[in-house]
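Undergrad: Checked TrEMBL, it gives:
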type	residues	note
COMPBIAS	1085-1094	compositional bias 'Polar residues'
DOMAIN	15-189	domain 'IFT122 first beta-propeller'
DOMAIN	192-293	domain 'IFT122 first beta-propeller'
DOMAIN	299-555	domain 'IFT122 second beta-propeller'
DOMAIN	564-962	domain 'Intraflagellar transport protein 122 homolog TPR'
DOMAIN	1019-1064	domain 'IFT122 zinc ribbon'
REGION	1085-1114	region 'Disordered'
REPEAT	55-86	repeat 'WD'
Amino acid sequence: MRTNLAWSDKVPDRNGTKVVVQDVAFHPDGTQLVAAIGNRVMIYDATNGTLLHSLKGHKDTVYTVDYAHDGKRFASGGADNVVIIWTDKAEGILKYTHNESIQKVAYNPQSQCLASCTAADFGLWSPEQKSVAKHKVVSKILCASWSIDGEFLALGMFNGQILLRDKQGGEKALIERSAPIWTICWSPCRDDQIDTLAVGCWDRTMSFYQSNGQQIGKDRKLQFDPCSVSYYHKGKYLIVSGSHHKASLYTKEGIFLSDICDTGAWVWVAKARPKTNAVAIGSDDGTIAVYNIVFGTVHGIFQERYSYRENMTDVIVQHLMTDQKVRIKSRDYVKKIAVYRDRLAVQLSDRIIIYELSNETSYDMHYRVRERIQKDLPCSLLVVTSLHFILCQQRKLQQYNFSGKKEREWILEAPIRYITVTGGAKGKEGLLVGLKDGSVLQIFIDNPFPIPLIKQANAIVCLDISAKYVFYREKLAVVDDCNNCLVYNLVTKELLYEEKGANSVAWNNEFEDMLCFAGNNQLKIKTGNFPVHSQRMQGFVVGFTGSKVFCLHALTVQAIDVPQSAPLYRYVEQGEFDLAYAVACLGVTESDWRFLAWEALKHMTFDIARKGFVRVRDIRYIELVNSLEATRKAQEAAHPTPEVDKKNRMLMQAEILAYQGKFQLAAKLLMDCDEVTRAIQMFSDLRMWDEAKRFAAQSKAIDVKQLVQDQAKWAEDVHDWRAASEMYLASGNLLKAVQIMGARGWHNDLVEVVQRPEAAADNQVLALCADFLYKAGKFKQCRDVYVKIGDFDSLLKMHIDCQEWEEAVRLAQKHKDRVKNLADVYVPYAEWLATQDRFEDALGAYTLAKRPDQCMRLLAELIASAVAETRFKDASYYHWRLCDEMLGSVAATSPESVTADEQKVLVNALQHEVNGKIYYAYSFVFAYTDEPFTTLQPETLFHASRFLLNVIGKDRPPPGISLARVVFTLAQHAQQLEAFKLARQMYERLHQMRVRPEWQQTIDLTSMVIQTKPYSDRDDLLPIDYRSSSTNPLLHPSNGGDVCVVSGHPFVRSFLSFDNLPLVEFAPTPDLSDEEAVALIETLPSTTDDSGGNQDAKWRTKDTGNGQSMQLNDHEEEPAMGNLFERALNKQSGNQRGSTAAYRVL
C-alpha cells in the first residue's frame, strides 16, 4: 500500500489568530469538500482543491460541518451557538440557536433530521418541524454519529459516557468509559449482521460496541489520543487520526495496517471521499489535504493454486481447478505472498509465516503453520520453495531456510524484473529470473552460479519455460517492455517466432508445443507452427493448464475454457495422431474424441482409436477396434498378395464406414469387392429395406418376399404397427396382420380383411376378426362374420351379452340342433327376466332350460320376498308352483319305483301344497286385521280362520303367519255369528297371547260381554262330514287337522268361501283302469231312460231330491248290491280314522 498527495491547502492565520481545521465533510457524490476553518465555512473542489466558496455566516469559530444524505443541504455549527442550514449552492436558508456552543452536527443518513449537540443538550430538527426538539444531557457532548439505518444516534460525552438514543431522542442504552469520548462512528457496512459503533477514547484506546451497548472484543491500545475515527472503503477499514500527527489505516477490527500521512501537527479530522480511495485530513496548523491511497496487488501463483491478499490482513488461497477457497486470517498487515506446491509463505509487518498442506493430495485445501520467522526482512519480491524462501531486493537474491538463516546470496548485474520457480527436487529447485537489461537466468538454489539462458535488447516483463515430458525443457517464452512475445529454443538459442501486443505469457504445463499470451484485451493461443487462435479477454495470463487459461483481472483469477478442436483437427490432417491425442487429452468435446477415434481407425492406428473410444465410453466401438485389429493381424500373418491385401483393406474400410453411418459408401465398397450379399445383409440389419430390395433385385441373390417378411418383423419389433400389418397382408400372413390390427383397435381394417377373398376360406382368421370386432362393440359387423362361419354359439353369446334376448331366443329355437347347450341361452335369459320383475317368464325360461333347480331356487326367493312384503296370496301361488315343480322332478312312474330321495321330494311337495293353502287363507285374515276395510263376508272369514287353526294345529306356523291375528279374527266373527262357545274359547286363548295394544281393550270388553252369552254354538254352523254324515265341532278337539273327528275324512273346502263342500273321495275297483274311470266320470248321464239309467251302460242314476246316487247294473238281481259303495267308503274311511290326514285334491 502506498499513498500520494492529491492536493493541499494551508489557510494562513488571520489577525494573529491561529487557524485550525476543525471538521470536514464530503458531498455524497464526492465532488465537493466542506471544511470548518476558523470562523469560515470553506467549500473546495474535492478533485483538485480549488476553493469554491468561503462562507461568513458564523461570528465565531466553526467547530463542525456535515452534509445531508441527498446532497441538497449541509449544516454548520460553532462557538456562536448558531446552527446554519446551507444549500449545495452555498446559500444559507435557515438558522437556529442553542444556549451553548455547537460541538457537533450530524445528519440522519435516511432522512433530513439534523442532530445538533452542545455542552448542555442536543436538538433534533427536520424540515417538517416548526421547532427544534431539545433534550438535556448531564455532560458536554464531544461527538455524535447516526447508525446506517438512521434508527440510533450515538453521543460521546466528556465524562466518558456514550448515550445511545433513538431517532426521537429516547434513551436506548448507556455505555460508560473512564475518559472523554472524542470521536465515534457507526459502521456503514450493510452486510454485517449487527450494527458496530467504533469509539475513540482519550484513554488512548479504540473499542467497538453493538447497538445494545454490549462491547465487541477487547479494547485496542493506541499510542496517541484519537481525534477522529471514520470508516473507509465501505466499512472494510478504519481511518484514525490524532495527537501523533498522523492519519493511519486500520482494519475494521482495529488492527494497524499503515500510516497514510504525517503532518507534523495534530490531525483533528480524517474523512474518506465517497466512491474513491481518497482521504481528506484537517490538521491543527490549518492544513487541509487530500491523499490518494493505492492498494498494491499482493498475490502469488503456482500451477493451479493462486493466493492473494484480502482486506489487507487475510490471505485467500484458491484452487483454480475446483474453485475451492480457504481464508487464512493473520490479524496483521500482509506485505508479500508466495506459493509453491504444498508451501505458502506470508510476510507480515514484522515476521514471515510458512504454511504447509496438512496432506499432499492435489486438491487438499487445509493449511497449517510450519514455521514462524520473527524477522523483518524488507524485499520487493518473495519466492518460496519446498525448504527455502528467497527475497529479492533490486539486483540481490537472498536465500533463507525455514529457520530464518541466510544460506546463499546472488548479486546480479541488473535489477530483477521477474522471478518464478520452475520446480525441481526438494532443496534443488530452479528459479527463472528476468532482468531489466534483457537477460534471462536460470538459478538452482543449491548452486551459487546463475546460468544465463538468453539475452535480448529489451527489459523482461514476463517469462515462462515450456513443460517437457522427458528430461529437459527446450523452449522459453519472454514478454519484454515493448509488449513483444518472443519464443526461443534453449538448445540452439534460436528465436523461433515473435508475436506483438503481449503483456503476459504462459506455457501449457501439460503440452510442450502450446502457449498463450494476453494483451490488448485479447487472449491468443499458439500451438506448434499453426496459426494463432484469438478470443476476447481482459487481464493478464497467469497460468495455462490443459484447456483452461487462468486470467488475472482486478485481483480475481478466472478460469477460461479454451477450445482445443482447431489444433486437434490440424494434427489429424497431418496424420500426427500421437500429438492429436495429446491435444485431445487437454480437453475436447465428445464429438472431437469421436472424430479422432474414427480418423485413427480409418488410418489403421488402432491404439489411438481404442483410446479415443475409451474416452467416450463407447464399448461397442471398442469391441469393433479390437475385432478389426485382430482381423488385421490375422491378415498380415497370412502374408497376402497385394491384390488380396487391397481387398482386405477395402472390406475393412467398408465395415468402418458402415459403423460411421455412411452406408451407401460402405455398400459401394462391398459391391466393388463382389460382396453384394454382405451389402444386402447390412441394409437388412439396418432395416433399410428399400435399399436392400434394390440390391436384391439387382443381384437376385435373395427372395424379395422374404425381405418383406423380415421387414414386417422389424416393424413389429420397433412398434411400427401400421407398417407391420400392411407388410403381413402383402406377404399373405393374414392371421398375424389381424392380430396386430385387433390389438391396435383398427376395426375398419379388420372389416376390410373380412371382405378379402383369401380370408373367406380361413375360418381361423374370420373367427379372430369377429372376436376383435365383438370386443370393440362392432356388433353388426361381428354378426355378419359369425353367420358367415356358422358359429351360432358365439352369435348367441353376443346377443346375450348385448341383452338382445328376443333375437337370442329366436335363434336358439330356430337352430336347436346347432346350439351346443340351450341352457346357456335360457338361464341368462331367465336371470334377466327376473331382474325385470318378469318372474313368470323367468320360471318358464328355467323350465325351457331344463333347470328345475334354478326354478325352485327362484320360487323359494319369491316366497321369502312375498312373505316379507306381506303378499300372502303371491306366497300361496309360489308355494303351489314350487309344489308342482317338485312333483314334476320325480321320475318314478309307479309307487313301487319311488326312491327314498324322491319320497323326500314328495313329502316336501305336499308340505308346500299345504303351505300354499295356509297362506291363501291367511291372506283373508290379514286383509281383515290390517287393511282399512274388507269386502269379505263374515262367514268367509269365520271359515278361513277355522281352517287355519285346524290345519296348523299344534305345529309351528309357517313364516309370516300370526296366530294372534287368526284367533282374533275367529273370535270376532264367532261372536258375530253366535258361536259363543267358540268365541269364549278364542278370547281365553287371546289372553294368553301378545296382541296389539289397540286390540287389548276390545278383547277385554268382549271377553266380559261373552260371559253373558250361552256357552254353545249355532247348530247350522257346525260342519257335517258327507262321508259319515256326522256333525263335527267347529275346531278339531285334538288338533288332528281339518278332518272329520269320526271318519277322519278331510273336509273339502271351497277356497272362495272356505265352506265345507259336499264331496267325498273314492277309489275305483282294481279291475277298472284309470282311463276307464276317467271316461266313466266324464260321461254324461242319459236323459232317455225314465228311471235315470242307461240301458247300454252298466250303471244307472237315481235322484231322490236330497242327492244323486249311482248304481251299477249287471242285469242280475243282487239285493245287497246297493250297499257295495257304502261298504267301500266305510272301509276306506276306517283306514283313515284316527290318523293325521294326508291328502291331495286333484
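Using the three backbone atoms N, Cα and C, a Cβ is placed for every residue, glycine included.
Since the structure is predicted, the reported quantities are computational estimates derived from the model, not experimental observations.
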Undergrad: Go through the chain and flag residues at least 6 beyond the ends of the repeat 'WD' (55-86) whose CB is under 8 A from any CB in it; none is fine as an answer.
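TA: Non-local partners: 20, 22-29, 34-43, 92-112, 114, 116, 118, 123, 125.
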Undergrad: Averaged over the domain 'IFT122 zinc ribbon' (1019-1064), what pLDDT does the predicted model reach?
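TA: Averaged over the domain 'IFT122 zinc ribbon' (1019-1064), per-residue pLDDT gives 86.
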Undergrad: Per DSSP, how many helix, strand and coil residues does the domain 'IFT122 zinc ribbon' (1019-1064) have?
TA: 3 helix, 8 strand, 35 coil
Undergrad: Using DSSP, what's the helix, strand and coil tally for the domain 'IFT122 first beta-propeller' (192-293)?
TA: 0 helix, 62 strand, 40 coil
